[in-house]
Amino acid sequence: MTPDRIFRGLFVLYLLAFVAYLFMPLIIMGAAAFNTSRFPTVIPWQGTTLDWFSAMWADAAMWRALWTSAIVAFFVVLVALPVGTAAALVLTTLHSRARSFAYAVMVSPLLTPGVVIGISTLILWRQVGIGGGIALIVVAQTTFIICYVMLMVMARLQRFDRTQEEAALGLGASRLMVFRRVLLPFLRPALLASGGLAILQSVENYNTTLFVRGFETPLTVFIATKVRTGLTPAVNALALVIIAVTVIGAVAYEIARRRQLSARPRS
Amino acid sequence: MRDLYARFGGGLATIFLSLVLVWLAAMVLAPNLMMIDYALRPNLPPAQIGGPQDLWSADNFLYLANEGVHRAIFFKTVWASALVAAVTLVVCYPIAFWMAQRATPGQLSIALMLVIIPFFINEVLRTLAWFILLAYRGPLNAVLQGIGLIDAPIRWQGDGGVLAGMVYAYILFMLLPIYNAIESLDKSQIEAARDLGSPTWRTHWRIVIPHAKAGIATGCVFTFMLAAGSYVAPALLGSPGSRWFTEIIYNWFFEGGDWNRGAAYALTLLVLCLAVVLVTLRVFRVNLTDVAK
């Protein structure tokens, strides 16, 4: 055996260990949802059951938490999409000097720790008598989710051919019409993608939400509280359902994207 | 500005500008300014706010500097976050190199999918997975005992658990920038080095790593920042002996009831993170535009 082969063998082992590191915790967490044991684990296996799924389904607090997260995500998308798109358009139209400064300001929420965004939002709105709650969760989350929308729209704008706008103007379209009929349809894929990302970011956020939640309990807070105050495999069942939904959603999105790319190879 | 109006006309351009300005003024700038103001004022009962005692001072920051336990936790958070970044880098580098230079296109698309899937999953759920894995009577202890590696269960919760959970949580933020950087390295450079007799480690040290410098810096900066600002992992995987600075901040707000001191602590964390980001980017000459991808 040459040293090269030994090295290659070691690397394959490392690769396998890495994949195991990525998936083992998730597999164990998922499998524990089917174990009869009251504490979620896979060893010892006390019997296979689906009871934890019905326990999860019957948990009214879980449904309230899901509802809270859904409302928050709805309003986050409602605010973040238009503002993020506007930010991308303003930024791409600016000239180079002002542009790099504006860019730094506009991505700064991404460089700010999530807890700090939550805290500063909480402090500001207390001045006008608004405490933690759904409204503040929406405000705090949109602050940085706008950045993601902006970056995704900007990426798409880079491939936009401005002559299309000029052509439409030359043919007598109003500026509003050019925006609605030329630019917006072009941005549609980026808007859909960033809408999906915004929902995902909103529902899964914990660090920022924790500080502005007031007495509300969104899904992530619900799960984290359960872990500390009474973890049963019902939480694992919930986790497994969430994972299934996210992974299916991501795969469906990817398939749709590829299909669109292959349908219009020269778009 | 004029271009914006020329392109979209008065109505639309005004709407775009005002949306952006409201966002930057009311959601980015104002909260941070108010937090600075809070951090500089003492914590007073409502009746005395705005009174003669309500003056700016550095007292809240001095409190952090002089309170031994909090100061120790702050520095621990700093070096532990740096450790998280270092470990994540060591774990990810070989994988990133393989993906960028060695993998066939088929292997690459599978590998990309495999690393991205776990990161579509909520950070709280990923931490919960580690919580279960590392539990005192959990699977890891059971397996280790089963194969006779340990006699009694080990209490993983604490510094070790936090480290494992955080490295896990931030792999993608390290892997992708490094992968992107190494991918642009011409394969012939590595071959040339090998043909000239360079051992593998020196090829990496002299050719691959310098080429991937910007990606490595980006990955480390992001991992550090996310780790320092993390709350879930230390709260669920830590022990009372392994408290994180964010937990102290949380306590000032919701248990200690001193928002001013909490604001000062949060501001310290913010300044630390921004300083680390900006200094590292300057040192490695990485542009902010390349970072946020």
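Just so you know, glycine gets a Cβ as well, placed from its N, Cα and C.
Residues or ranges marked as domain 'ABC transmembrane type-1' by TrEMBL: B:74-280.
Sequence annotations record features per position, and here TrEMBL assigns transmembrane segment to B:12-36 (among others).
What TrEMBL lists as transmembrane segment is B:78-98 (among others). Away from its own ends, the transmembrane segment (B:78-98) comes close to residues 111, 115, 159, 162-163, 166-167, 170-171, 174-175, 178-179, 182, 204, 208, 212, 216, 219-220, 223-224, 227-228, 272 of its chain (Cβ-Cβ under 8 Å, at least six residues beyond either end).
A Cβ distance under 8 Å defines the sequence-distant neighbours of the transmembrane segment (B:110-136), meaning residues of its chain 6+ beyond its ends; these are 95, 99, 103, 153, 155-157, 161, 164-165, 168-169, 171-172, 175, 232-233, 236-237. For B:110-136 (among others), the entry in TrEMBL reads transmembrane segment.
Taken from TrEMBL, the feature transmembrane segment covers B:162-182 (among others).
Outside the transmembrane segment (B:214-237) by six or more residues, the chain places 77-78, 80-82, 84-86, 88-89, 92-93, 123-124, 127-128, 130-131, 134, 157, 161-162, 164-166, 169-170, 173-182, 243-247, 250, 269, 272-273, 276-277, 280-281, 283-286, 290-291 with a CB less than 8 A from a CB of the stretch. Taken from TrEMBL, the feature transmembrane segment applies to B:214-237 (among others).
TrEMBL lists B:262-284 (among others) with the feature transmembrane segment.
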